[in-house]
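Asks: Just dropping this structure here.
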Amino acid sequence: MAPRPLSPLVLALGGAAAVLGSVLFILWKTYFGSGRERRWDGGEAWWGAEPAGLPQWDEWDPEDEEDVEPALEELEQREVLVLGLDGSGKSTFLRVLAGKPPLEGHIPTWGFNSVRLPTRDFEVDLLEIGGSQNLRFYWKEFVNEVDVLVFMVDSADRLRLPWARQELHKLLDKDPDLPVVVVANKQVRAVGGWPRSAGLDPRCLGPGAPERGSGLDPWPAAQG
Ligand SMILES: Nc1nc2c(ncn2[C@@H]2O[C@H](COP(=O)(O)OP(=O)(O)OP(=O)(O)O)[C@@H](O)[C@H]2O)c(=O)[nH]1
Ligand SMILES: [Mg+2]
């Protein structure tokens, strides 16, 4: 039987997906510049900031603090990619970090969202790529470009936990050295708490995954 020609709808959808991917990639390159060396060091705090520590009582001098404050333009940059299935709470997470109130209802991200947070030593760029099925294809193109991956999981969405796990594994396969933080979001809504049987326990992430920093970091739910 002769192969059936592709319908115009399929061709149009394929073309649109290719254009969207190219646009995302160009925007990413424009935003973050060309490829970079990851500057992760296991001895550092999770995005490279110095581990917090209170100064000794007799050492503390407020004037010293002012002396060492680096100018904003001198700050190094760290890139954090925020991924997770659609509706897992990525945009909300970014909004809350930026000091904005969470939005009512789910407004899907069709491209990407970003937030820049100056810390004492670094400028941290957090970048969300939308989690809808057609955008997930492009996630893997970005993992090699960032310092840390934050993978957001909706703890209340038990039915899709295996999908979330599968997507996370694809990313881990793409970059085995990528430091990962798994955020179990919406825990208050997940009846019975975190469903360990669903397979997103860090011990289920695959060989070596927990040792390289993967884990569940309960996110204080924005809305419960
Ligand atoms: N109860 C509760 N709801 C939350 C929490 N975080 C996000 N939501 C809600 O979940 C829905 C989806 O949140 P978004 O932040 O838009 O999800 P997203 O991961 O950015 O989704 P996409 O952009 O489609 O990939 C919204 O209605 C949010 O208000 C949370 O911690 N607790
Ligand atoms: Mg979003």
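Using N, Cα and C of the backbone, Cβ positions are placed for all residues, glycine too.
Keep in mind that TrEMBL annotations are predicted by a computer and have not been checked by a curator.
Under the heading transmembrane segment, TrEMBL lists 6-28. Taken from TrEMBL, the feature GTP binding site applies to GLY84, LEU85, ASP86, GLY87, SER88, GLY89, LYS90, SER91, GLY131. What TrEMBL lists as Mg(2+) binding site is SER91, THR109. Annotated region 'Disordered' per TrEMBL: 201-224, in sequence order.
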Asks: How far is it from ASP86 (GTP binding site) to THR109 (Mg(2+) binding site), counting Cα to Cα, in Å?
Replies: 8
Asks: Can you tell me which of ASP86, SER88, GLY131, our binding-site residues, come within under 6 Å of ligand 2 at the Cβ?
Replies: none
Asks: If H, G and I count as helix, E and B as strand, and all else as coil, what does DSSP give for SER91 (Mg(2+) binding site)?
Replies: helix
Asks: If I restrict to non-local contacts, at least six residues apart, and a C-beta distance under 8 angstroms, what lies near SER91 (Mg(2+) binding site) in its own chain?
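Replies: Counting only residues 6 or more apart in sequence, the Cβ neighbours of SER91 (Mg(2+) binding site) under 8 Å are LEU103, ILE107, THR109, ASN113, GLU128.
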Asks: Across the record's GTP-binding residues GLY84, LEU85, ASP86, GLY87, SER88, GLY89, LYS90, SER91, GLY131, the largest CA-CA distance in angstrom?
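Replies: For the residues that bind GTP, the greatest Cα distance is 12 Å.
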Asks: Take the mean position of the Cβ atoms of GLY84, LEU85, ASP86, GLY87, SER88, GLY89, LYS90, SER91, GLY131, the recorded GTP site. Which other residues of that chain put their Cβ within 8 Å of it?
Replies: GLY130, MET152, ASP154
Asks: Which chain-mates of GLY131 (GTP binding site) that are at least 6 residues away have a CB under 8 A from its CB, listed by sequence?
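Replies: Correct list: LEU83, GLY84, LEU85, ASP86, GLY87, SER88, LYS90, THR109.
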